[in-house]
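Let me begin by presenting the structure, written as structure tokens, before commenting on it.
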């Protein structure tokens, strides 16, 4: 088995294999996933009316006015205060939190192809409608962002059930690094949207990401299928290899979720708590870093987009490198799966906590602040070799449900982080108030790392296949009787 997994065939037919195509589409899909999410983060800086703007045209209305952009672009701006701005950034999670567990379970039942594909397609259409919703009123754009979160909430847990059918166990860390392409998507979206906003107005950020999303969705349904057995164009050689390398479920229908045993499992809660802590920190930076750079470090929108992208680019590169290293160490037998997951989780979640302490003391300096943010999020990318795909280790049949539970908690953390920053900075948006934010992040990161190091596991749990466990128990009970007969 180890020999088979060591040499995963790169090419069967002289062109891309179906697994390679799947990797590419998932990578692009998660890049798009965050592009659809963070476009507002960069656009909102120009969407809101600045009372200090000397170029305001006199024809104001009660809700918005048209301003002259520094590069002679007329665009609509809105009189939204700091609390409304943070409400708009945070309301995404109201919908996001509702579909995590249903999305993961639905992917286990009907397949990730439809769940991930249709969710992204509809989210892309809503993105195209965002400028119109903002013009219709603040309530409309809030409702649209809630609906966007509702759709994208189902996408993340949906990918794990697909990985259990397509990706051999010793290659799964590398596959999970595709999820961190979300960071790469943010890294690319921010400078691109910054450029588009500067030349064409903030509306162009939504039109650009929405059109790309529709194009990706069409390609996804054309080339991706839920399993090797369902793919109409896969070669016989690749199909046979995957069928042998991956455990096949011979039971017809879908196994019921063993909710009681799952919710009493310490390894499951290690994933849930650690993911919540890690994502709480990540969402705080994703949603608030552009505002911090503008209001505290005093960079304009062009520098804002470029500098905001640096941590996310580093995070993806670290995710890719650490995942390849983790798979190599596991495949060679140097580290067990449990040891690898704990080692990389401790590194990826614990060390950023120390970085946030440094940020609290040195974050007032532009160079130090950007360097610390970049290092912290870069290191956090190693979660792909740690807890992120751990559900596939302990319970591949229910990996979507487990990740859905974890992402539900982290979604509350995402909303809480936005609310926290809004409350701490709405009266006094100063560096001293941001220091409080950084200390809270430090404690959250460190606690999350400790929980997984103590309670995490890489071993397959018996409740993943309850019927098999019962059969094995019966065999052990019958063994003494058979020996007595002999």
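From the backbone N, Cα and C atoms, a Cβ is placed for every residue, glycine too.
TrEMBL lists transmembrane segment at one of the ranges 343-362, 463-482, namely 343-362. Contact between the transmembrane segment (368-389) and the transmembrane segment (115-134) does not hold: fewer than three of their C-beta pairs are under 8 Å, each pair 6 or more apart in sequence. Within the same chain, the transmembrane segment (181-200) packs against the transmembrane segment (206-225): three or more Cβ pairs sit under 8 Å, each pair at least 6 residues apart.
Most Cβ pairs under 8 Å with the transmembrane segment (401-422) belong to 262-285, among the candidate stretches 12-32, 140-160, 262-285, 343-362, 434-455.
Among residues of the same chain six or more beyond the transmembrane segment (12-32), those with a C-beta under 8 A of the stretch's C-beta atoms are 116, 120, 124, 155, 159, 162, 166-167, 175, 178-182, 184-185, 188, 209, 212-213, 216, 219-220, 223-225, 228, 231, 233-235, 237-238, 242. Long-range contacts of the transmembrane segment (262-285) within the same chain, counting only residues at least 6 positions beyond its ends with a Cβ under 8 Å from a Cβ of the stretch, are 311, 345, 348-349, 352, 356, 373, 376-377, 380, 383, 387-388, 390-391, 394-395, 398, 401-403, 405-407, 409-410, 412-414, 416-418, 420-421, 437, 441, 444-445, 447-449, 451-452, 454-457, 459, 461, 463.
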